[in-house]
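Colleague: Handing you this structure, nothing more for now.
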Amino acid sequence: MLNTFGDTFRVTTWGESHGKALGAVIDGCPSNLPLTENDIQYELNRRRPGYSLFSTPRKEEDEVEILSGIFEGKTTGTPISCIVYNKSQQSKDYTAIKDTPRPGHADLSYQLKYGNYDYRGGGRSSGRTTIGNVIGGAIAKKLIEYTHKIKVIGYTTEIGTIKGDFNYYNNPEFFESDLNIQKLSNQIEDSVLRCPSTNSNEMNEYVFKAIDGKDSVGGVVEVVIYGLPKGIGNPIFNKLEGRLSSAVMSINSIKGFEVGKGFESSRLFGSEMNDEFYFKNGIICPKTNNAGGILGGISTGAPVVIRASIKPTPSISKTQETVNIKTLETVPIKIGGRHDPIIVPRVIPVIESMVSITIADLMISSGFINPSKLSNI
C-alpha cells in the first residue's frame, strides 16, 4: 500500500477512521518558511465534520499538533510531523455489518486484497484519512503563496442535476486580481455548500430532498490555480494535467477529472476552442483560456482551471442488497452510524490540498523554489 505522494515535496499520510490518531509527515519542505499550527488548523477546520448543515453528526475538533520540523516559528528543512487525535469514534455502529461489504465502499476490494481489514468506519479507506492530505496541503499552500503568491481556490459548480451560474468561464473577472479573489473566497466560505452561485439555495433544497428520501447526492467542484508561472510541467509522460489528475483522482469519491473546457471541447469547432494570442504590455497572452492554462502539458501563465466530479456519499439509510462473506448468502443491509448526505463542500479543501502539494512538488523540482532554504522574502 503506497501512502506517500510526491517526488521532491513528499507527503506521507497515516491512520484510520476509528484508530487512535491520524496524521502526516511532510518531507522536502525548504527551511525558513514561517509556519504555525494555526496555518494548518485553518484548513483542517474547513474539512472537519459536524459543523455545517449538511455534515455528518460526528463532531471532531481535529486539533493538530506539530511534533517536529519547526523551530522558532519557521521550518527547519527536516521532516514536519503532525498528529490529530480521534475523539468521537463509535465503532459499535459497524460490528453488525463487518461481514457484509457496503455497496459503494471499498470494503470488499480491501478485504479481497489485504484480508486483514479494519472495517470500523472504513479504516484506511475512510474519507477521514484525508486529514493527512489537508495537513500536507496546508503547508504546500503556504509555501507556494509565500514564495510566488500562487492561490488555489475551489468551489462547487453543480449539485446533483442543479447547475450553478458561477464558474471561471462565466466570471473570469473574479480571477484577475488578489482583491477579487479574496471577495470570491469570502462568498464561497459564507455558503453551506461552498457555492458562490446565485441559485445555491436551489441546491440546498435538492440536498434536503435527498435527506428526506434517505439518500445522498454528489456534485462538481471547480478549482482555479491563480498566479502559476509559465513553464511548470513537462511534455509527454510528466504533463502538468497528468500530475494534477493523478493527485485529484487519488481522493476518495472522485470519479471524473477535466481541464479547461474539458469534455465540452469535444463538441466545439477548432475555431471555437483555440485560444488566440496577443501582446499585452510586451507579454504574449491568450485572448481566451479554453485550454485551462495548460498547453502541451506545460503551464502558459494563464489561470489553470480544473474540475472534478464527486459521487454521492455511499453510506445511505435505504435498505440495499449485499452478500455475507462468511455465510455466502445474499442479505439486506441498512447503514447505521453517522454520515454526510453530501460530501462535496468538505472535499473542496482536500482537492485544494492535493493540487497545492502537486504544485509545490513541481515548483521545487523545476527550480522555481530552492529545495534547501528560502531567502528572507
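Just so you know, glycine gets a Cβ as well, placed from its N, Cα and C.
Dumping what Swiss-Prot says about this protein:
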- R47: NADP(+) binding site (BINDING)
- R124, S125, S126, N252, S253, G296, K311, P312, T313, P314, S315, R338: FMN binding site (BINDING)
Colleague: Which of the three DSSP states, helix, strand or coil, fits K311 (FMN binding site)?
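Modeller: Reduced to three states, the DSSP call for K311 (FMN binding site) is coil.
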Colleague: Work out how many Å separate T313 (FMN binding site) and R47 (NADP(+) binding site) at their Cα atoms, rounded off.
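Modeller: For T313 (FMN binding site) versus R47 (NADP(+) binding site), the Cα atoms are 15 Å apart.
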Colleague: Check R47 (NADP(+) binding site) against DSSP and tell me helix, strand or coil, would you?
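Modeller: The residue in question, R47 (NADP(+) binding site), is helix (DSSP, three-state).
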Colleague: Just jot down the residues in the same chain as K311 (FMN binding site), at least 6 apart in sequence, with C-beta under 8 A of its C-beta; none if empty.
Modeller: G104, G218, S253, I254, K255
Colleague: Report the same-chain neighbours of R47 (NADP(+) binding site): residues 6+ apart in sequence with Cβ closer than 8 Å to its Cβ, ordered by sequence.
Modeller: D62, T130, I131, V134, R346, P349, V350
Colleague: So how many other Cβ atoms are close to S253 (FMN binding site), meaning within 10 Å of its Cβ?
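Modeller: Around the Cβ of S253 (FMN binding site), 20 other Cβ atoms lie within 10 Å.
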Colleague: Using DSSP and collapsing to three states, where does R124 (FMN binding site) fall: helix, strand or coil?
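Modeller: Assignment for R124 (FMN binding site) reads helix.
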Colleague: Taking the Cβ of S126 (FMN binding site) as centre, how many other Cβ atoms lie within 10 Å?
Modeller: 21
Colleague: Around the C-beta of S315 (FMN binding site), how many further C-beta atoms are within 10 angstroms, looking at every protein chain?
Modeller: 21
